[in-house]
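One structure is given here, and the rest of the page talks about it.
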Amino acid sequence: MSTYLEQLNEPQRAAVLQKDGPMIIIAGAGSGKTRVLTYKIAYLMEQGVDPFNILSLTFTNKAAREMKDRIGKVVGYSEAKNLWMGTFHSVFARILRSEADRLGYPSNFTIYDTQDSVRLITAIIKEMNLDKDRYKPKQILNRISSFKNSLITVRAYFNNSDLQQADLEASRPKTGDIYKEYVDRCFKSGAMDFDDLLLRTNELLARFPDVLAKYQDRFRYILVDEYQDTNHSQYLIVRALADRFQNICVVGDDSQSIYGFRGANIQNILNFQKDYPDVKTFKLEQNYRSTSNIVRAANSVIDKNKTKLDKEIWTANDAGDSVKIMRTISDGEEGRFVAQSIWENQMNHQLTSDQFAVLYRTNAQSRAIEDALRKKDIKYKIYGGISFYQRKEIKDLLSYLRILINPNDEEALKRIINYPARGIGATTIDKLLIAANHYNKSMFDIIKNINTIDVNINAGTKTKLQNFVNMIQRFQIEAQTKNAFEIADLVVKQTQLVKDLQKDGTPEGVNKVENVQELLNGIKDFITDKIETGEDASLTSFLEDVALATDFDSDKKDEEPRVSLMTIHLSKGLEFPYVYIVGLEENLFPSAMSMNTRSELEEERRLFYVALTRAEKAAYLTYAQTRYRWGKLTDGEPSRFLEEIDERYVEYITPKTPEPSMNRFLDASLFEEDTPKKIRFQKPIQKKRKEFLAKKEKPTMISPKSNMKKLSELSSKMNLFDGEITVDNIVEHNRFGTGKVIAIEGKGPNKKAEIEFSTVGKKKLLLQFAKLKVIG
DNA sequence: ATTGCACGCCTTTTT
DNA sequence: GGCGTGCAAT
């Protein structure tokens, strides 16, 4: 018997050794799920199953790579390489590419991201002369997305009077027409959105029995991780593919189902037994990850949910510290508490930053945490949020590359046809769109034949369009002999894209140039990487990677350790020794949008459960009594989840604030700066829960006068207050070096200084953001 | 056709 | 507090 089997506990081993037939593994948080999946695949291969016949669907591409790596260690890398592993989206994008012609798509179809989809829908709403306040593009996209994930095609929609009635009652009778136009336009553009990757796969398997048979035969063993988060569309794909051999193994935890909003159907896991009556069920209930205080605290909360499978998570680990609950006065103080606490834990226990994670409900919360960490000089990395690839300058360059591959890509074309400005304005684009719709051709086709088609565009503009097409076609020819990096580099040079970014001279512009450079480097790395591993290094493959990459996939190693900042959703599947969960306030977590129904609230509770069970050694839960939201100060109540934790496992602590903060400028951080080493919280105090949660600490008011005095004293000491900077000052900027102030303009937050830097020349900087130090 | 500014909406969460 | 859109000015 292989040695790795000895490393498993009883239920884990049983799950690994169950080779054939349908099975479900209910895997509690931290119960060694990945280990089981890894060994299970290794075991299958040892039993003579060809890796070509194994399909493993994971939640992130990174998880797939790591698992492949671990399997490689057991059975050999050359064998493991042949496994099909990846996310639903990336695996089926690959299959769709090779079968695209069946569906009338080009094999190099574009993948539209959410931004592309929203822009297209916005355009359609405008073209249809509909009120964009009534038809909110994002809302419409969500609705279309839920149609697609339930396999409701345009035709199905128009055959379903209930759906149409619902849209009519919502005063959006044209929803179906928008849906139809959106689908048509995507098709004409040779583009699929995220949901299409699943919907079209279903279409492919349903319409072409030979294709279905081919993949059924190919994927004799199918494993699906995070099964609780699959939606109906994914569920149908899996069921179709597994239908012939029925060797289907799904792994999941109903308590960690947190993607209901994007169509995940918890029933998929709850009803698995109904679909496969002879299913074997395994339960992994021993948690190896966390202290028993954390496990018990988490259990006590999730027990409040009615909808759940029967299981009891337990651990043999030590009790460990209590879960700490911390009340702070503001979101600013919350951030400083987190930073201070991380710093102390690092000092006291000799820990590196990568042992810490800060988790929050919404991306917007990261700001306060970032500010505080930066002030303490603690390195961090943000996952999610606005991704690198969403930035305007990056999307613009990528759009050029997309056009080379697929000239029909309408969204890419609209982005770059007049960027950098070449005198092709909105009016011209509108005319082109109308012609494209009229002749049922793509916009690019119209432009290509601009001289033979009857459009009301003047000769000068026609020449400009001609030049544009010629340029694109030149790139296309070059692309046949050059690699992705050389092409991207050529595009940047020929279009003068960087020059355009440079000419505004602002720090933002500099940053954008750096981003473009980073993208070029990224393409270079991609190519080297793929050539080394013998994989597809084409531009198409790069663009697909970009479209489907998650933040974790680009995770660079050999960097210095950093604190991880991310939403709770993104933290699923990860673990950290020290976890801070911030913003535990009513209307934020649970979210105000999710408190209307029991099932929404239960999903929020599962989300909290996921957050808490990320922690190995210690968990800190914080909430703020006031918080800036939409730029306004708002009051908050402690989250109900705090009260739901069994009191035996928690402890309340209060930050010691040296001076109550009066406003943003007179923030406590100003006072802290020179005493960072002092331990800043009081010893943990156990208070009565109700009393603690109910107590409101009102900041003591300082009279505005003394306030201002204190402020200016401080600022003169610390060079942080913009009032100090005047003409002729010599200042220091952390990127541009030293310079002389030439002029000051604007006031309040818009106050700018014009500075002559010795390195980069004249710059206008917003004092609010440019952390300038007066040095003379 | 481009630029600058005011306004409004925004924030759940992601492939 | 931030971004995109729409409108007015040039």
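Glycine is treated like the rest: Cβ placed from N, Cα and C.
Automatic prediction, not curation, is the source of TrEMBL annotations.
According to TrEMBL, the features are:
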DOMAIN    A:6-291  domain 'UvrD-like helicase ATP-binding'
BINDING   A:Ala27, A:Gly28, A:Ala29, A:Gly30, A:Ser31, A:Gly32, A:Lys33, A:Thr34  ATP binding site
DOMAIN    A:292-573  domain 'UvrD-like helicase C-terminal'
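Non-local neighbourhood of A:Ser31 (ATP binding site): A:Leu284, A:Glu285, A:Gln286, A:Asn287, A:Tyr288, A:Ile313, each in the same chain, at least six residues away, with C-beta under 8 Å from its C-beta. A strand conformation is recorded for A:Ala27 (ATP binding site) in the three-state DSSP classification. The Cβ of A:Thr34 (ATP binding site) has 17 neighbouring Cβ atoms from other residues within 10 Å, across all protein chains displayed. Of the chain residues outside the ATP site list A:Ala27, A:Gly28, A:Ala29, A:Gly30, A:Ser31, A:Gly32, A:Lys33, A:Thr34, A:Val36, A:Asp253, A:Leu284, A:Asn287, A:Tyr288, A:Arg289 have their Cβ within 8 Å of the site's Cβ mean position. Around the Cβ of A:Ala29 (ATP binding site), the same chain contributes A:Asp253, A:Ser255, A:Gln256, A:Asn287, A:Arg289, A:Ser290, A:Ala298, A:Ile313, A:Tyr609, A:Val610, A:Thr613, each under 8 angstroms and 6 or more positions distant in sequence.
Under 8 Å, Cβ to Cβ, and six or more positions away along its own chain, A:Ala27 (ATP binding site) finds A:Lys33, A:Val36, A:Val251, A:Gly252, A:Asp253, A:Leu284.
With a 10 A radius on its CB, A:Lys33 (ATP binding site) counts 22 other CB atoms from all the protein chains.
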